[in-house]
Each structure stands twice: as structure tokens, then as C-alpha cells.
Amino acid sequence: MALRFEILGRFNRARAAQLTLPHFVCQTPLFMPVGTIKGLATSQLEEIGCQIILGNTYHLALRPTSELIDELGGLHKFMNWPRALLTDSGGFQMVSLLHLADITEKGVTFQSPVDGKPMLLTPEESIQIQNRIGADIIMALDDVVRTTITGPRIEEAMYRTLRWIDRCIAAHSRPHEQNLFGIVQGGLDPVLRDICVRGLVDRNLPGYAIGGLAGGESKDSFWRVVAQCTAALPEDKPRYVMGVGYPLDIVVCSALGADMYDCVYPTRTARFGTALVPEGVLKLKHKAMADDTRPIDPTCACMVCKNYSRAYIHCLVTKDAMGSQLLSYHNLYYMMKLSRDLHTSIVEERFPEFVCTFLLKMFPEGNVPEWVCNAMEVAGIDISSCCAPFSSSQDLES
């Protein structure tokens, strides 16, 4: 095991911790930008306080290839990134991006995007590729099924995920330098999730991820799965909710005891001209922004908000790549500050106040979605002061 996880503060289920990895000492809760970030240098990510970058194994294996990365000293050296890295297994990209992906007991068979020939990614090969890439945290290959799918396929995928974790453990050649995380599957079925959690915990892994969410399920189903899994996973190991990037979701999951998150959302939404602000989002392409001389967020200390107006960025996002780069910088700064604020508020024993302030800014009229109120009740956080009576239209995405 190549990590140390020390809890520094708590509020009921929420926890703030120090996660010591081979390349960096991280503070949790934390958000990890996805490495396909366009237009930002690693020095800028360091500047805004990014602690871990997520690398896509599938994309790296295609180009420049894991063999070349290994030959050139590993991904940290290759991309000039001194802090921590996490790589996914490659399985999700193959199932979501490629046609005719077929999952069998051997692994994931898919068509090569280069020449169209069938290729097979096995648990062993996924780990070997990640060993060559050299990230601080590597993910087991799991059988990925969207939560919107029902029936026997969910059970099949969960049990296969458990069988594959043993093959991943056996193939892992660098356990003292890289931390292998298992992924809890089981769809929206509490019984299957419980079986998967217990099976993974029996393997005594360095950390655990909650997978198969943020794929179209209702928010009520989403938070209940997170709550169930975080309650059953070990207290002394990091818990990573995969694919979660909406600020509201991160606050809710942190209240329920999760520690780590990743998503393309902050940078992808930037490329569409949208900024993250305490009130929710600000759409810079709107005509109303054309003569607005205010910064994106007057309360934000980032380089973009200090130097550029909404009007200037509006002009850029409609015709220039610089617009999406500036918005990506701002949005990731927002996510890093959110992570720091979560950590600090838990350590300083003012987490409930932070949550209420966050919700009041996002829902100033008190129309907090019912699923958020229900989740906070389970987390032991009283938000009645910022909740109005519910209506059926309040179960919004975020």
C-alpha cells in the first residue's frame, strides 16, 4: 500500500482528511480535473491548487502509448506534473465511446479506432498499462453498466466486477508505488451494492470507488446509493464517487462521507460558454453579457475574475478559443476553492453553517430540491432554515 489516510476532522458522516500519496499530500474532500483539459498548462493547474489529475488510460494507451510513456520516465515526467495522478481502467471509454464493444469473462472486446480490428482489454492488460503509466492511484477494470439498465445484466456485472478484482490484484506489479482501488457496482439494487462492498472490503484494498452513477438515474436514487456505500466502506480508507462534478452533488456526497470526485463537467461546460458561480451557473454567451463590465464572480479571487469582464469573455466565447480557456481556468479554480472550503469547514467544526450558506446562495428563495433535504437529513445536517415547502418541480438535476 502506497498511501496514508488520516482523518483530521468530522461532522457526523462528513470527514476532512489528509491523503498522502507518493507524489503529493492531498487534503480531502477533493475534486480531480480530468486530464483531457484543453488549453491549460500544468503550471496553471498547480497555481489554482489542483492536487490530483485524472488521466484516461484508454486515450493514453492509444496515443502516445503506455510503452512510450514508460520509456520516457512515466506520466508525471512526461507531462511535467509534480503532484498526484489517478488513471481510470479504460473500460468506461470503450463501452461509452466505441461501437460494438462486447464484454465477456475475458474482458472488453472493441473495435480499434485506428484500423477497425477487434481488440481485447483484459483486467490484466488494464493494470499492466496503468503500471507503465505510473499514476499514484490506479483503478481496477470493472464491468460497467449504466444505472438506467435493469434486470439480470446488473447482477452479472456486479459479480464479474468481483471476479475481475482478483485478476487485477494478481496482475498489479507495483503495489508499493501505486494504489489499486476497487469499484463498487450493483446498479440501484441495495442488495447487490452490499454484496459488492463486502466482497471488495474483504480484499483489503488501499481505497474504494463508487461506480455506475451519474448516468441518468434520479437524484433520489443517486444519493441513496452513495449513502449506502459510504456507510459500509471502511472508515480508514478513501472513498471516491466516480463521474461526479456538479458542485451541489459534491457538497451532498461530502456530507454523506465521500472524499474524492472527478468529472469533465467544469471544463466541458466552460467550452460551451458557461461559468460556475455561487448562485449556480452564468451563461456568458447570452446577449445580456455583451456590455456587462463586472467580473464573472465579484467574490472570486482567480486570475480571470481579477482581470477580465463578462463583456470581454462574452466577446471571446462566441468566436475565440481563449474564451473557453479563461472559463476553464475560472471553473477549475471554483472547484478547487469548493474543495478547500469543504475541508476547512469540517476541520474548523462549522460544516453545517457552510452547507446552509452554500444552499442559500444557490437557492435564495429556499427552494432547495427535496432530494437534497432528504440526503442532508440522513447526513445529520439541519438545513430547515434554508428550505421552503417542497413542490414536485424541485427535484432538479442540480
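From the backbone N, Cα and C atoms, a Cβ is placed for every residue, glycine too.
Keep in mind that TrEMBL annotations are predicted by a computer and have not been checked by a curator.
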Segment assigned the feature region 'RNA binding' in TrEMBL (from 12-18, 187-193, 243-249, 306-312): 243-249
Residues flagged as region 'RNA binding' in TrEMBL, choosing from 122-126, 267-271, 392-396: 267-271
Cβ contacts under 8 Å made by the region 'RNA binding' (243-249) with residues that lie 6+ beyond its boundaries: 31, 211, 213-215, 222, 261-266, 276, 334-335, 338, 362, 372, 397-398
Mean of pLDDT values spanning the region 'RNA binding' (267-271): 95
Neighbour tally for C305 (Zn(2+) binding site), based on other Cβ positions within 10 Å of its Cβ: 23
Non-site residues, in chain order, whose CB comes within 8 A of the mean position of the CB atoms of C300, C302, C305, H330 at Zn(2+): P295, I296, D297, A301, M303, V304, K306, Y329, Y333, Y334
Residue pair D88 (active site, proton acceptor), C302 (Zn(2+) binding site) - Cα distance, angstrom, rounded: 29
